[in-house]
Each structure stands twice: as structure tokens, then as C-alpha cells.
């Protein structure tokens, strides 16, 4: 029997330490191919490239793992891998390990999670992993440890149709992590603070910055899990319908 | 009493005929400010600009409507408008009218809908409008007619917290449209077909193309509504948690 085929991608770019850590995890469970952006693509959300062309480059394989970089977004990478690069449909897609949290509302801005959602759209079990440390030299030891616990469970049991996983790992030692908690997306948001500057000609420009605010005081959220030193797993869906609003909306007099 | 403040944005760019049509609609109900991308940003999803700077330019106002273009994505436009450009929080955000459908899974790729979702995240009632014709010279008469029915209802009644609207208008005359239907996102997807070409040096490049497949045979979807000549309204949420999967996932042996 052939080993499972595992596609590894990310949004921090093909050279990021996080994707190397995830590739090492994946290698323990199957045949691995890496297809990732040739440059950082954080904050790209579910963007796709439709008004420009895409390039694919095969890089030198590392430890028998074929590695491809593309000029596209994380979602482009999944589409290119599944439709052009791989010779069979992958059994699992792993995205990350992201340098920085994708808990709560970050899921919607995250290229890492959008790649997992795209995999899910293609009918492939998909998991996005993120470490709550955005530093380039973050320590992925704990994240790898927990990824090795989660990956075989999903390979064995699969995921429900239309669902992928958003896994966030707290930035601490393995012995400090309290365990794994399955939870929901916290109701939180970024409060923007644009940093307005002037260029050498005196014309204004802006940097998008902000701080994160958690409005959710309940205990069953990903933010709460991370605050209590748990690894958070949120099942994520691409059906955005707000079913609870259907009835009320239908009563409006359009 | 001051008139409602309505922010108008889109993803086809500030010069698109669709946003001019939506601005005309908005003017009937409030004070309008346009903040839109300086170039087409279709397919940008919920992308934000975090590794580059943003510029804002005030264009010549048209019919007393201030118009700003930005170098950012549709989501950047909403953030810039709410936090930097407008002097008070808008009462309503209208995005579109998109040249082309955003029904079903297109909601996830659409810059137009991501702008509406971002407005919703900011706590502002937000509606994305799309016409099922992506031509630059599409006829927006029917779309305007139905937008004028929907906008005052939402100004008067608001929307539930965490919910915005995805409105799609079929490309036909007003008298051919059967009415408005509140419905759910159809389970459908794009099947990619990459168009592989070679540049003058013989190196390959790709165009992302594809065809749309509807797997959803039920009658309560946006695709079904549009096929039956109805305007579709789908309430859309940013909580991506797949609540129905929480229990099953919790039983896995992580």
C-alpha cells in the first residue's frame, strides 16, 4: 500500500522556518510535496490571482521532498498543486506552521488558513497550524510535538465534508502546555490604528497597524484556550450563511 | 436631524460603472462618501496590506459626493475610510455593484463581499451588491431598482450583529425579475483549469481559469433563486466555526 500523499503549504513563503518544521512532521506520516509562495503572503486572505499570470519553479529537493515555489497566493498554491503539480489528489493538506497566531478573527485574514479552507473546498482534509509567536526565529518544538499528535488522527478519521481545522499552539515549552482543546472562534477584532507618515516629498502614506480586542468572555473559545496554555482546535467551514438570520430577514418588506 | 452617512466601496475599482450606479442609489438615502481601490481588485478576498504602505488620493468630487481612491484592497478601503477618512462612523456600507456574480462560493473570493464583511466586523450594517454580468458595459438598471428596495429596509431595521448581506441580481429587465428571495449559500465550487502557456523564452506560465459546478439540488439556495429569476439575498457571517463538528472532533484521541 502506498503512503498517504501530503501537500504542505503556507503563507510565510517557501523559505520560512515554520514550513520546514511542518514538512518534518509530515514526512513521518506520508510522501510529502511542498508547494508554497515564493515570498511572504501574510494577510492575503482568500485572494486568488486572476488578472495576472502565475509561475511555478521546482526548487532543489530537500531530504527527498520535492519543493515548488509559485508566484501566487497561498490559495493559488493549493489550486496549482492539486490541478497541475501533483500527479494524484493529496490525502491531506497541511498549511503553516504560521509564524504568529491565527486564532479568532485572524482566520479571515490569514493566507495560511485560506489555503486550508481551499483544500477543504477541493474535498481534501486540511489543517492550518499556527504558533503564537511571529518571530522569524520562533521555536517550533512544541508546535511540531502537537502537530504529530493531530495529523495521524485526521489521516485516520478524516474530517467532515466542508470542514477544516484551525490549530493554534501557544508559544511555550511542551511541558508547560496543558493539552488540546476543541473550541469555537472567539468574538474578537482588530482595532485599527493607521500610522500616518510623510514621504520625502511631503506626501502622506499609511501603515496599517492595530491592536487586538477580545469581546468574548466565555470559556469555550480559542483565545480562552490559548490563554490557559491549551492548543486550540477550531473546526472551520466555508458556508458563510448566517442561518439564524434567515427567518428575520424574510419578514422584511422588500 | 442629519442624513445617514453611507460609505460606498467596491472591488472593480473607483472608475467602474457599477460603483457609479451604487453611488446614485446611495445618494437617494443619505450623505455619501466613496472610498474605493484605484485599480481592479477582483478575487482579492479578505486580503489586507501589511507588508507595504497605503496611499489615499482625494479625487474630484462628482455631484457633491466626495470620492477617494486608495492603493489598497477593498478591505483596506473600509479600514481607511472608517478610521482615517470619514469624520464619523458610517450608518451603512454599500459595496459594489460588482460586475459579475458573487453567489455561492464566490463570496469567499470576492473583494466586494469581503469589504461588506469587514464593515460588519466594524459593527456597521453592510451590503454587497453584485450583478450576474461581468461585462464593463453591463446594464445596472435592474440592479439599481432592487438596491433601492433593499437599502431603506436595512437603514430602517439594521442587521443582526455579525451579519451582512450578499445580494445578487440576475442580469435581466426589471419586468423579467420575479422578486426577492432570502436564501442560503449554495454548495457549489469552481473546477480549476489552468491554461498553461509558454513565454517567448519557452518558460511556462499559467492563467487560472475554471468552470463553476453546482452540487446543490435543493431549492433554497442563491443559485436556485437566480436561476428562477429572483434577486438572491444571503445573510453572511464572519464566525467560521463549524459548530456541528465540535462534538465529533472532541471525541478524537489527540
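For all residues, glycine too, the Cβ spot is worked out from N, Cα and C.
Curation does not apply to TrEMBL; its annotations are automatic.
Taken from TrEMBL, the feature domain 'Survival protein SurE-like phosphatase/nucleotidase' applies to A:6-190.
What TrEMBL records for A:11, A:12, A:42, A:98 is divalent metal cation binding site. With a 10 A radius on its CB, residue A:12 (divalent metal cation binding site) counts 25 other CB atoms from all the protein chains. When secondary structure is read from DSSP and collapsed to three states, residue A:12 (divalent metal cation binding site) falls in the coil class.
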Among A:11, A:12, A:42, A:98 (the binding-site residues), residues with Cβ under 8 Å to chain B, listed in sequence order: A:42
For the binding-site residues A:42, A:98, the one whose C-beta sees the most other C-beta atoms within 10 angstroms: A:98
Model confidence over the domain 'Survival protein SurE-like phosphatase/nucleotidase' (A:6-190), averaged pLDDT: 96
A:11, A:12, A:42, A:98 excluded, remaining Cβ within 8 Å of their centroid (divalent metal cation): A:10, A:13, A:16, A:18, A:40, A:41, A:74, A:96, A:99, A:100, A:110, A:111, A:112
